[in-house]
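Below is one structure, written out as C-alpha cells; comments come after it.
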There are 2 protein chains.
Amino acid sequence: MLDPRPVGYVIGLILAVLGLMMIPPMLVDIAEGREHWQVFFESAVITTLTGVLVSLACRNVRHREISIRQGFLLTVGVWVVLPVFAAIPFMLGATEARFVDALFEAMSGMTTTGSTVFSGLETLPKGLLLWRGILQWLGGLGIVIVAFLFLPIMRVGGMQFFKSESFDTLGKVMPRAIDISKALLGTYLALTMVCVLTYVTLGMGAFDATVHALTTVSTGGFANTDSSFSAYDGPIMYAAIVFMFLASVPFVRLMLVGSGQFRPLAMDFQVQAYAGAILFAVLLVFALRAALGAPLDEENFRHIAFNVMSIFSGTGYGDGDVTLWGAAPFVVLLTVGAIGGCTGSTGCSLKVFRYMVLFKALGAQLRLIGSPNRIVAPRLGGRPIERDVTESVMLMFTMFILTLGVMSVALSLTGLPFLEATTGAWTAIFNVGPAFGGLVGDSGALTAFPDAAKYVMIFGMLLGRLELVVVYVLFTGTFWRG
Amino acid sequence: MLDPRPVGYVIGLILAVLGLMMIPPMLVDIAEGREHWQVFFESAVITTLTGVLVSLACRNVRHREISIRQGFLLTVGVWVVLPVFAAIPFMLGATEARFVDALFEAMSGMTTTGSTVFSGLETLPKGLLLWRGILQWLGGLGIVIVAFLFLPIMRVGGMQFFKSESFDTLGKVMPRAIDISKALLGTYLALTMVCVLTYVTLGMGAFDATVHALTTVSTGGFANTDSSFSAYDGPIMYAAIVFMFLASVPFVRLMLVGSGQFRPLAMDFQVQAYAGAILFAVLLVFALRAALGAPLDEENFRHIAFNVMSIFSGTGYGDGDVTLWGAAPFVVLLTVGAIGGCTGSTGCSLKVFRYMVLFKALGAQLRLIGSPNRIVAPRLGGRPIERDVTESVMLMFTMFILTLGVMSVALSLTGLPFLEATTGAWTAIFNVGPAFGGLVGDSGALTAFPDAAKYVMIFGMLLGRLELVVVYVLFTGTFWRG
Ligand SMILES: [K+]
Ligand SMILES: [K+]
C-alpha cells in the first residue's frame, strides 16, 4: 500500500506557502486603497489554515523518506490541489468567476500556460493581476525543482540522460533537496530581479515590469492588458526576447552564469541546437512574410522574432493576430510550439533535447535497417544515448502526439470548431497559451469556450506540464498495488 | 558496393508487365470506337520496350540472390519508375496533362491514394478510367506482396512480429517468392471478381463495376465520376462497405477464407480490434450527428458507415462533403484515417497492429516507471512483443508524425491555406485520398493546387505507401557504402 501521509505533509506545507503568497497582492490592493484586499485576506486565511491543518494531520511521518511512487503522487498532488486554492481569489474577487473559469485561470497560471478566460484585464484590481503573475512564477519554480530533483530518477522522458552519479537515487537526492531548491530559487529570483530592472530601465512602469518579469522568467505569458505586448516599443520587446530565451535554457547552466561562467551555457549541445533552431525559424518566417509582401524592415523583423521566441519558449505573449501572417508562417509557429525550449528550464512542450534524441535514434535505426552489420550507438554531447533513454523519449513523444489527437477530438466533441479544437489542444498540451479561431475573443481570451472544453483544457494543461507520464502513471493499476 | 543490376532486371520485368497492362484500356477504347486507343498503343510500346531493354541489359546477373539492401532499392525503384511510365497515357491522352499532373495521378494510383487532379471524369474516354483503376489494382497487389515477402525480413515498422520461421531470411523467402506471389494474386483476383459480380448484381453497369471493384479491393478510391459514390443507392453502398473492409484485413486470412476457413479471420486479434474500432467510430459519428440534429434514420446511418469505412480503410470514396457534418465528426474521420486498416492488406496508414503495439508498450512502460520491481512483458495475440518490435513501431510512429508535420509545413510553404495544407499532408502520408478546403474543387480534385504542392504530395504518397522507412533508408550514407 502507498502511504499518502508523507505526500500530504509536503503538500500541506506548500499550500501554506501558497496562502502566504497571497499577502503581496493584498498589500498591493491596500496600497491602491481598494476594498478588494479583503479577497486576498480571506483566501490567504483559508489556504494557509488548510495547508497547516493537512500538514499537522500528516506530521507523524515527516521524517520518513519519500519513495519514487510518493514522488509521483506528490508532483501530481501539488498541481491538482494548489490550483483549486489558487482559484479562490478569482471567485471571490472582482472577476466574480464561476468555479470552472477560476480553476481554468489558476491551472493556466500554475502550469505556466497563460491561456486566459478573462478580458478587460486593464480594469481588474492590481492585486488580481499580480496574483496571476505570482501563480506563473511559482509554477515555473516548481517545475524547475521537479525537473532537477525528480524527473531524472523517475526515468521520465529520457531525463535519466541527465542523471548525475551523486544524485542517482532518491536516497541521495532527498537529503539535499532543500539545499538544491534554495540554490535554484536564488538563481530564479536573481533572473527575475534583473528582468524587472531591465523592463523598468526601458520605460515600463514598476508594477507592469514586476508582473511581466514574473510571467517572462516562468515562460508563463500572462500579461496585464488584453493587447498583451503590443503596447510596448522596440527595446522592451528585444529585452523580452532575451529573457524568454534565458527562461527556456537549462537552469543549471544559468546558475553557473550567475557565478561568472558563461562557457557551460554557450557550449551546451541543447542550447546550441535551440539557438540555431530559433534563428532558423525567425529567418524562415521573415522570408515567408517577405514573399507574401511584408516589408523587409526592423519593425517586421522584431515582431517576427518576438512571436517566434514567445511560442518557441512556450511563453505565449502576443502582439497581434499571427493567423493574419498567412498559412505558412502560422504552421511554422504551431510547429515550434510543439518543440519547445530546453529540458530543465521553465519551458514546456516536448523540448529540444527530446527531438535531438529522436533524430539521432531515427538515424541510427535507419542505418541499422539498411546495413545490419554496422552497429553504431547514437551519441549526444559526446555521450552515448542509452537504449533506455531512447525508449523513454519515443514513449513520451508517442504519448504527446496521441494525447494531442485525443484532446483535439475531445475538444471538438464539446462543440469547438476545427481550428479552435486543434489549436486549443495544442496550446493546452504544450502549455503555450494562445489559441486561434473565431470563438477566441479579440483579446485572446477563451471566455466563449464551452465549460466542457475548459475542463478538457484544464486536464490537458496539467498533463502537458507534468510531461504526461507523471500523471498517466497514476492510472496504472500496479502503481497503487505497489 | 551495391550492385543495382539484379534490381534493374526485376524492375525491367515489372515495367514490361505494366506495358502489357495497357492493352485492356486500349481494347476498351477500340470497342468504344474511339481513336483514343492509339494513346495506349503508343504508351504500351514505349513502356514494354523500355522494360525489356532494361531487363536485357541487367540479365547476366539474374540468378544472383537479392540482398536486403537490394530489396529496399527494388521496392522504392518500382514505385518511382513505374508511375513515370504509368503517367504517359495521361500526357498523351484526352486529359492532355502536363507532366506534374500526369505523374500526380499515376503516383496517386500506384500508391492507392486516390487523390485526383482531373475533374469532368464522366467525359473521359473509358480507357483512361480503366487505366486509373488498373493502376490502383496493381499498386494494391504490389504492396501486399511487399508486405508479405519483404517487410518482415526488413524489420520495418514491427512487421518482424509476423515473421514465420520458414521465412525468416531472404534466402528462405526468395526461392518461393514466385509461388507466394501467385497464391496472393489468386486470392486478390478472386476477391476482385466477387466484388465485380456483386456490384453488377446490385445494378451497377459492367464497366463501372469493374473499375470500382479494382479501386475497392486495392483501397484505392478512384471513382468514375466527379460525384464519386453519391450516384449509387443503398445496397451498392453496403456492398462497398463490406469489400472495403475485406480489402483492409490481413491478406493471409482472406486466403484461408478462400479455402473455406473463416475462423482464422474472425479470431485474428488485429481484425477483431479493427472491427471494434470501426463500429465504435460509426456509432460515435452517428451520435455526434444526431446531437447536431441529423435524423436517426437508415440513410444517415448508411452515409456515416460508408464514409467511416472509406476513410478508416484508406479507400477514400466520398459521397458528399463531410466537412459539413461539423467539427467533431470531421476530426473523428481525420483520426481514423491516421489509424488505417490491418497490416498485410492493401490498406495504408499506420495500421491497427501498430496502435495495438503502441498502447501495449505505453501501458507496460508506465507500469514499469510506477513500480520498477514488477516487470511484465506486453503480449499481443497470445505472444510476447519483443523489445525490437516495440522499438520499430515507435520509430515508425515517430517518423509518420514528424513527416506529417514537415509535410504540412512544406505544403503551407507552397502557398496552400491551413486546412488544405494539413489535410493535404494527411491524405498523402496516409494514402487516404480526399483533401479539404476551398482550394479543393467541388469534385474533390486538387487541380488548383500549386505545382510545388503537387510535387510535395507526390513524394508524400510515395513515402506513406512504402511505410516511410523503406524510402528513408536510402538516404542514409551507410546504406550505399554497405
Ligand atoms: K506559456
Ligand atoms: K486511398
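Quick reminder: no glycine exception, Cβ is built from N, Cα and C everywhere.
TrEMBL does not curate its annotations; it predicts them automatically.
For A:7-27, A:39-59, A:71-92, A:134-154, A:183-202, A:236-259, A:271-292, A:327-350, A:393-419, A:425-449, A:456-480, the entry in TrEMBL reads transmembrane segment.
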Using a cut-off of under 8 Å between C-beta atoms, tell me which stretch among A:134-154, A:236-259, A:393-419, A:456-480 contacts the transmembrane segment (A:327-350) the most.
A:236-259
Looking at the transmembrane segment (A:236-259) and the transmembrane segment (A:393-419), are there 3+ C-beta pairs under 8 A, with each pair at least 6 apart in sequence?
no
Chain residues in Cβ proximity to the transmembrane segment (A:271-292) (below 8 Å; excluding those fewer than six residues from its ends, i.e. six or more beyond)
245, 248-250, 253, 265, 300-301, 304-305, 307-309, 312, 325-326, 328-329, 332-333, 336, 339, 341-342, 352, 356
Near the transmembrane segment (A:393-419) in space but 6 or more residues beyond its ends, with Cβ under 8 Å, are 156-158, 350, 354, 357-358, 361, 425-426, 428-429, 436-439, 449-450, 452-453, 456-457, 460, 463-464, 467-469, 472
Could you give the residue numbers and ranges of same-chain residues that sit at least 6 residues beyond the transmembrane segment (A:134-154) on either side and whose C-beta is under 8 angstroms from one of its C-beta atoms?
18, 21, 24-25, 68, 71-72, 75, 78-79, 86, 106, 109-112, 114, 160-164, 167-170, 173, 177, 180-181, 184-185, 188, 192, 214-215, 217-222, 247, 251-252, 343-346, 465-467, 469-470
